[in-house]
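Feature annotations, reproduced from TrEMBL:
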- Glu78, Asp140, Ile142, Asp143, Asp292: Mg(2+) binding site (BINDING)
Amino acid sequence: MSGSAGSPLYAAELAAAKKAVALAARLCQTVQQEILQSDIQSKADKSPVTVADYGSQVLVSLALNMEVTSGSFSMVAEEDSEDLRKDNAEEILEHITDLVNETLAENGSYNITLSKEGILSAIDTGKSEGGPSGRHWVLDPIDGTKGFLRGGQYAIALALLDEGKVVLGVLGCPNLPLTSISNLNGSSSGDQTGALFSATIGCGAEVESLEGSPPQKISVCTIDNPVNASFFESYEGAHTMHDLTGSIAEKLGVQAPPVRIDSQAKYGALACGVGAIYLRFPHKGYKEKIWDHAAGAIVVTEAGGVVTDASGNDLDFSKGRFLDVDTGIIATNKQLMPSLLKSVQEAIKEKSQAPSPL
């Protein structure tokens, strides 16, 4: 079954997902501005990001439920309401409720006010386990919480699974500058910040401003010589083994230092040709969650890129809330993938044979 040329398959879902992510991004931007203005020197206070995380999940759930009325609703998301139902969470719940209602009032799309109980039940629509059958939305309400707290990069990442396959993805990156992404058609869009990436299976990938500019088709870079390639990796050492990625880059002959940014914003930047390679090698024992990669991966593949694990296998999103990947995740263009895969496997082999430090 395929849609007519005028309305491709999943068109309604894509429109709903873009609307949901843009709405959640507004709330996140409000909270991030509050953090940055409040001189919280100690970032140990995680409550602001908690408020934004839950608020983002509520707004995405609400918007999807309002916009997509056919079929049953299922969402695999990072948060649930358990902690917010505890006695000491009253103040945070109140803050979330106020923020959500202010964002809804300001946006004006939905004439609705949520009670605290409404907030809690909206959060709990994200308790699905996903899996290989049926349709499931997959959400990371704030991907890159440390970047969010630092005033750096973060993303609202939403994807749709259909029968175990990712069929669409939307990435809202409120702090990613649109201009440096690619001087879109040479047109000067001023220094606009805030990018909304989207992709539907078989239809390519696009970027527009979070404020809503006309979408522009995007594609990964065409670099075929690793010497000219730059690579992205996680800002946080906890998320990727920087020694291993350094060794991979050296084997490939990459000259440029790594670009370290938080969140799936890396997938978005890669998809429009800024940077050529993304490497993610978490420390042993870390299990990748599907919401950390579903939206980003389809944006990159629809932009002509390739995303695999360290053995070159496609990522399988049909196994529930976790991804079963070998060692790490790599993304690049089709030209660089063979040599990248070879360097990755050599570096992993060397690391496994190296005597471990006492």
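Going from the start of the chain as shown, residues are counted 1 onward.
Heads up, the Cβ atoms here are built off N, Cα and C, so glycines get one too.
The C-beta environment of Asp292 (Mg(2+) binding site), restricted to residues of the same chain at least 6 apart in sequence and closer than 8 Å, consists of Asp140, Asp143, Ala157, Gln264. Look at the Cβ of each of the binding-site residues Glu78, Asp140 and count the other Cβ atoms within 10 Å; the largest number goes with Asp140. Apart from Glu78, Asp140, Ile142, Asp143, Asp292, the Mg(2+) site neighbourhood in this chain, defined by C-beta within 8 angstroms of the site C-beta centre, holds Leu139, Pro141, Gly144, Thr145, Ala155, Ala157, Ser263, Gln264, Lys289, Trp291. Residue environment of Ile142 (Mg(2+) binding site) contains 28 other Cβ atoms, counted within 10 Å of its Cβ in all protein chains.
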